[in-house]
Amino acid sequence: MEERYYPVIFPDERNFRPFTSDSLAAIEKRIAIQKERKKSKDKAAAEPQPRPQLDLKASRKLPKLYGDIPPELVAKPLEDLDPFYKDHKTFMVLNKKRTIYRFSAKRALFILGPFNPLRSLMIRISVHSVFSMFIICTVIINCMFMANSMERSFDNDIPEYVFIGIYILEAVIKILARGFIVDEFSFLRDPWNWLDFIVIGTAIATCFPGSQVNLSALRTFRVFRALKAISVISGLKVIVGALLRSVKKLVDVMVLTLFCLSIFALVGQQLFMGILNQKCIKHNCGPNPASNKDCFEKEKDSEDFIMCGTWLGSRPCPNGSTCDKTTLNPDNNYTKFDNFGWSFLAMFRVMTQDSWERLYRQILRTSGIYFVFFFVVVIFLGSFYLLNLTLAVVTMAYEEQNRNVAAETEAKEKMFQEAQQLLREEKEALVAMGIDRSSLNSLQASSFSPKKRKFFGSKTRKSFFMRGSKTAQASASDSEDDASKNPQLLEQTKRLSQNLPVDLFDEHVDPLHRQRALSAVSILTITMQEQEKFQEPCFPCGKNLASKYLVWDCSPQWLCIKKVLRTIMTDPFTELAITICIIINTVFLAVEHHNMDDNLKTILKIGNWVFTGIFIAEMCLKIIALDPYHYFRHGWNVFDSIVALLSLADVLYNTLSDNNRSFLASLRVLRVFKLAKSWPTLNTLIKIIGHSVGALGNLTVVLTIVVFIFSVVGMRLFGTKFNKTAYATQERPRRRWHMDNFYHSFLVVFRILCGEWIENMWGCMQDMDGSPLCIIVFVLIMVIGKLVVLNLFIALLLNSFSNEEKDGSLEGETRKTKVQLALDRFRRAFSFMLHALQSFCCKKCRRKNSPKPKETTESFAGENKDSILPDARPWKEYDTDMALYTGQAGAPLAPLAEVEDDVEYCGEGGALPTSQHSAGVQAGDLPPETKQLTSPDDQGVEMEVFSEEDLHLSIQSPRKKSDAVSMLSECSTIDLNDIFRNLQKTVSPKKQPDRCFPKGLSCHFLCHKTDKRKSPWVLWWNIRKTCYQIVKHSWFESFIIFVILLSSGALIFEDVNLPSRPQVEKLLRCTDNIFTFIFLLEMILKWVAFGFRRYFTSAWCWLDFLIVVVSVLSLMNLPSLKSFRTLRALRPLRALSQFEGMKVVVYALISAIPAILNVLLVCLIFWLVFCILGVNLFSGKFGRCINGTDINMYLDFTEVPNRSQCNISNYSWKVPQVNFDNVGNAYLALLQVATYKGWLEIMNAAVDSREKDEQPDFEANLYAYLYFVVFIIFGSFFTLNLFIGVIIDNFNQQQKKLGGQDIFMTEEQKKYYNAMKKLGTKKPQKPIPRPLNKCQAFVFDLVTSQVFDVIILGLIVLNMIIMMAESADQPKDVKKTFDILNIAFVVIFTIECLIKVFALRQHYFTNGWNLFDCVVVVLSIISTLVSRLEDSDISFPPTLFRVVRLARIGRILRLVRAARGIRTLLFALMMSLPSLFNIGLLLFLVMFIYAIFGMSWFSKVKKGSGIDDIFNFETFTGSMLCLFQITTSAGWDTLLNPMLEAKEHCNSSSQDSCQQPQIAVVYFVSYIIISFLIVVNMYIAVILENFNTATEESEDPLGEDDFEIFYEVWEKFDPEASQFIQYSALSDFADALPEPLRVAKPNKFQFLVMDLPMVMGDRLHCMDVLFAFTTRVLGDSSGLDTMKTMMEEKFMEANPFKKLYEPIVTTTKRKEEEQGAAVIQRAYRKHMEKMVKLRLKDRSSSSHQVFCNGDLSSLDVAKVKVHND
């Protein structure tokens, strides 16, 4: 029977045994035996239960290993191949496609047995692939019907009944085949079938005409039929599984997000309740002005009402109106904080950054500008941190799944390798069994190709059967190690060979064993054959056909032509010429614009013909040179040929039809992609998109299904009311965004996926009469679509990027593009010419300056033969100098120190003098290109030195220079400054100045020669030393920082109001002069102290120098230098060189700049394609005719059809500032689309456009939306996420480069080190003593009990709920009740505070949480008192004090100890804070500089669009408010629009100060790139990195909390905090600990193994116990002893009194001593007994003599205890 448990794998039909009644009886017998074993609880007989095998799971394909399925057994019940199901009443069925299905062997529906003919028929139907395809087709057709049909009619119902019938039939077939619910593998046991069940149930309910259910709601369930596609396609199931896993992992993030959102919502509710309905009401406006819209003042050129406030910093009302509360809130009464629900929705909107700038502006106008800090917290903590944690979690979930898949693939590859090795091993064993070796050889020879045979022949390993011998074990150790790392591999290997005999020496070999051994070999043979077959590129017949017709070898003359052409076409210069043609052609394409003159059109037309001819010629010549067979095997050649043929078709079409506008003309832009061949980064981007699209195939289908479902759900639920004609007004006759049909519904869902959901939701609620269903559906689309699916997309993209980056970097080191090779040729030719010229000039110089060249040469040769003039020799001559700098090849010596010469002197003619101190040429005198740094790992990487210090390092052979250059590729993010900074630390700091000028300068110019020992120079040297000491002094640095801050602060006051304050203006001019002179003086001091050489070789000093030059130039009041005053805004940049935190971030940014610029260029090229396409599609079509009196009144196209008619009718023809009239404008338009700001106006104009200079019509060009959809997917999604990829990748590279300590530790050591690091900071604390006073003691017991804490927590939650229940429009009675409850809570928490102080006495104030509670109570009392006062009595809003009550909620945080996941997230935030603070500082600096520039350039811009009284560039505050808003790219289009209006939007009095629109575009685009794309992405990178670290830490076996709990338990056993407990108490202590440190009783023996040290009095120290318990959890490892000693030393430093307690014994030694004592006692007792017996024998016969009768009690032997204290 045991033989049947683990069936042998045969490579043929013997694997497949039909499932018969005997099979069922055998299963029942096995189940009975299993039950008997369980009853008898026979542990010896119990076996570990096998797991289901992954490759044999249901719905997977049967592995090829099992051979082909016999035709007669297809779709028939078979015995299960998986050993796991040996005692389950199941059988398996395989279809023709080898898909595995499992069924229960019990009766289906209690009627149909496994052998029933009807059930067998149903099984055959349900497993057939045609049945699955039929269901998929039905689902697709049904989806198409759902997307098209809207109204219910008889015609629509007929197909619905057909579909329902098909689904019911499918369910019936499956139920008859599987059973309904009771048994294993029955219909409802599969969760995917639950979906079918619900769909059918709802469909039947909707079919009955008399049913009372809501049919339209139930009909929306039909749409979930689309999910049936997932249940049929196995690949989709995997992706959905990954999605569900990521959702599981997101639980902690979601809980934390909801908690933070609730806090923000409560804060918002308390702060802004009833404030957003404040508006400017006109004076004397009727009886009820608060509810009359006509009484409200409106914004200029807008339908919005003016919002105002009465507090400091809020917006005042214009003359003729007053600020008062009304009944109307903004955005159709949907934006408000009047209750918790609306407040929560508003905060969710801010967190998702959807139209948040609108809410931000509304709050600041009504409440005051100081509430900007509330938004800073919500945006940075909520939006940036929590939403990016979602990204981090999803990325980790995806990567984890990816690792598992990779591990499985690796396991299979290893299995093939094992197979290759096993084949050879089995030969000897099979021969020993009596199998002919020749037959085996013939089998192998016939089965494998020569390549494989060679591979097999090269391996010599011991036989698989010789496991007993040591040699066999040794040889197999490697593979066993590999296998042990992967249990799946081990399992599969076992399955291959589990029943092979182990005993080789058994003479009577079982024939079955021999058969098994043979089958194992044949399986491996078949497997290898299949693998080879799989790896073959194409069929042999195809290859023959191709070589016959597609390889042209006609004649020798033809071959000569081919050879010449091949040489020409594959030459790098040809590739360079083609690339130049592509670039020129791209320029030609980009030059096209609206209203071109005829000459330019002709030039572009001819150019197009020429380039088409060139590309066609290139294609033809390459085909001739390479043959079609080889030409079309390369992807780029195929692409080139497609582009060339399309261009040719375009030219022919234009020539024949005289129509210059065709779709083919738009396809010319594909030529731009030809650049990717010679541009590696563009190539990488295209590869990433290609790989991602390939890998994302299944995910794209899932996303499509999700979008389809939501589109149809929206259409079904809201389509009747939420349509284009709902709420029609004169201003907005038709709605653009609605769900009237599938196309518009899809666009709404797509817009939500782009992040814009709130405006659509308002429209839906307005049309659906405020239905909450709108909120539910739209938030669901946002959460499911945006947060989960798109984040998985991003995770995949980042993963593709990092993989591609790895591949690309490896290729980049070895291969160059042909264009690079061609450029290298030019570079070499130029270098050769330059060198020849240099040599020629130097020869002439030497002849003039050297009258005795022979003697000079001889003298040089005598002293140092290699000291030739460095500039005059070629590279080769430096090879001979290697002996001077390196002891041997590749082994660098210590750096050569600079010779401390007192004399800066050179020999005649610039030759260097030789000295007894110098050995050879000094490194400082070599040309700059030879100053190179040998990498510390001795790999021959060379880099040019450009550090500040004189680091003269060893030189390597310059022959490797080209290799080094290629390694430092354009994508390299190596920060050389970091390396040099690390090296500089090793060099002792100089205490005196460097030389003033470079040596080369001193040698060639006599005026620069100085001698420190001679009189004029001694004074100079002393002055320099004094200056050096001054600039190096810490006070000097502090003073300069102070001056920088003051000078930056002074710039704030230079705003638009300065001319009206002459005193301030005068003071600022004076301070500006002082600051300039201070900076000038500092620069001169540094020149004198450091010398020009050192000063001008530092990048920071250059920055200081340029800023000082700008400051000096701005002092000269020359008209031509007026613009330099603006550049003083760069002055705060000096702070960068002074603050270390910002320096670190800047270094990280600088190191990423090459990669960022590369990606930026690639994005520009990628966008150029869409720009050119946009210009072709929309140029000249955005203009429209308007009625000049009303800017918003667009005229109908039936009245004014075109521009000429508009001009005739005296109307105005208006073209939007952002359009597609040329490529420059197109770039700006696409940036607005990519950032989703101002994109709706652009899309509306595109969709309404008809033809050039024609009046647009509503949605005349409806499918223009698709252009923007495609651009957003490829241009925005892929390219902008590439920025995140680059920066994260750069951060990872930097960490690898700098994080050295972990490299030298094993995984066990790392875990131990982390644990030690955590516990090293902890020590036991003395518990608070219980008071002696009875009353105090009672209160003490009360406040320290757990019940008290739970009650207080309950009260906090109750208080939070009551605060949530408050609303703005609540009745007075309810308000009064809430006030009383609030006072009651304040009283309760005050009493809690007082009784704690009473019970805990002074110890109360030693706990941080208690202090926090105390502060909250005091503030609550103050806020309660303040809120009683009237608003008029105080000058600040009392709402500010009501917020203080919310701080009480913070106490809940101390009770979330059980929520480990949330703690991890908060820990990640804490770890991120230092880095985030530095990034925040840098962002503030950027904002500060841009604010100053903004004040200089845009202070006179007329108000309009996004520029108003509060948000403007007139003052520093207004500028910072605007810049904070556009840090998230929000609303930057509204700030830019007024500035694009150039002169007409300037104030008439200040035309001179009005800037060009181009400056505004550069200003905003550069700020968005710097802040939004770079700094914010650095923020994301830090969070991702720290989240990974925090997750790793949380997954450590021991965390901070484990150590804290250890010490909490310790306090109970050590109330005096002596750090010692008695050995007798150790057992109870160890048992009282929680897992994983707990050592459960009985634990005495485990303490002996731990060998714990004890001190006098049998006491144990806490650290010794903790070390031992930690080692027990982590496991002992080599190398931990050193670390343990190190950590003990660290602890002893922190706790010096431990040194007084030196351990005198250990638990093990004590046990040994006790055992020794017991042995001695026993021996002594035996000795005494023997002595007594002897004495009794020899005793005299005298009767009065008495002895002890053998009773040893009087000797107290048993009580003797040996103490060795």
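Just so you know, glycine gets a Cβ as well, placed from its N, Cα and C.
Per Swiss-Prot, topological domain 'Cytoplasmic' is recorded for 1-126 (among others). Averaged across the topological domain 'Cytoplasmic' (1-126), pLDDT in this predicted model comes to 80.
Taken from Swiss-Prot, the feature repeat 'I' covers 115-403.
Annotated transmembrane segment per Swiss-Prot: 127-148 (among others), in sequence order, evidence recorded as similarity to another entry.
Under the heading topological domain 'Extracellular', Swiss-Prot lists 149-157 (among others).
The topological domain 'Cytoplasmic' annotation in Swiss-Prot covers 178-189 (among others). Outside the topological domain 'Cytoplasmic' (178-189) by six or more residues, the chain places 58, 88-90, 102-104, 106-109, 126, 171, 197 with a CB less than 8 A from a CB of the stretch.
Among the features that Swiss-Prot reports, topological domain 'Extracellular' is placed at 210-216 (among others).
Positions annotated as topological domain 'Cytoplasmic' by Swiss-Prot, on the basis of a curator's inference: 237-252 (among others).
Annotation comment: Swiss-Prot describes 253-266 (among others) as transmembrane segment.
Break the topological domain 'Extracellular' (267-339) down by DSSP state and the numbers are 16 helix, 14 strand, 43 coil. The topological domain 'Extracellular' annotation in Swiss-Prot covers 267-339 (among others) and rests on a curator's inference.
For the topological domain 'Extracellular' (365-371), same-chain residues at least 6 beyond its ends with a Cβ under 8 Å from one of its own Cβ atoms are 271-272, 275-276, 278, 307-309, 311-315, 1437, 1510, 1517, 1521. Look at Swiss-Prot and you will find 365-371 (among others) tagged as topological domain 'Extracellular', backed by a curator's inference.
The feature transmembrane segment is assigned by Swiss-Prot to 372-397 (among others). Outside the transmembrane segment (372-397) by six or more residues, the chain places 242, 245-246, 249-250, 253, 256-257, 260-261, 264, 267-268, 271, 347, 350-353, 356, 360, 363-364, 787-788, 791-792, 794-795, 798-799, 1465, 1468-1469, 1472, 1480, 1521, 1524, 1527-1528, 1576, 1579-1580, 1583-1584, 1587-1588, 1591 with a CB less than 8 A from a CB of the stretch.
According to Swiss-Prot, the topological domain 'Cytoplasmic' annotation covers 398-567 (among others).
The topological domain 'Extracellular' annotation in Swiss-Prot covers 592-602 (among others), and the record cites a curator's inference as its basis. Long-range Cβ contacts of the topological domain 'Extracellular' (592-602) within its own chain (Cβ-Cβ under 8 Å, at least 6 residues beyond either end) map to 1172, 1175-1176, 1179-1180, 1221-1223, 1252.
Residues or ranges marked as transmembrane segment by Swiss-Prot: 603-626 (among others).
For the topological domain 'Cytoplasmic' (627-634), residue counts in helix, strand and coil come to 5 helix, 0 strand, 3 coil, using DSSP. What Swiss-Prot lists as topological domain 'Cytoplasmic' is 627-634 (among others), and the listing cites a curator's inference.
Annotation comment: Swiss-Prot describes 683-697 (among others) as topological domain 'Cytoplasmic'.
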Taking the transmembrane segment (253-266) as reference, which of 1067-1092, 1342-1365, 1377-1400 has the most Cβ pairs under 8 angstroms?
1342-1365
Just give the helix, strand and coil counts over the topological domain 'Cytoplasmic' (1140-1158), going by DSSP.
19 helix, 0 strand, 0 coil
Going by DSSP, how much of the topological domain 'Cytoplasmic' (1-126) is helix, how much is strand and how much is coil, in residues?
51 helix, 16 strand, 59 coil
Go through the chain and flag residues at least 6 beyond the ends of the transmembrane segment (127-148) whose CB is under 8 A from any CB in it; none is fine as an answer.
75, 93-97, 99, 101, 156, 159-160, 163, 166-167, 170, 173, 222-223, 225-226, 228-229, 232-233, 708, 711-712, 715, 742
Same-chain residues near the topological domain 'Extracellular' (1053-1066), Cβ under 8 Å, at least 6 residues beyond its ends:
1492, 1495-1496, 1499-1500, 1514-1516
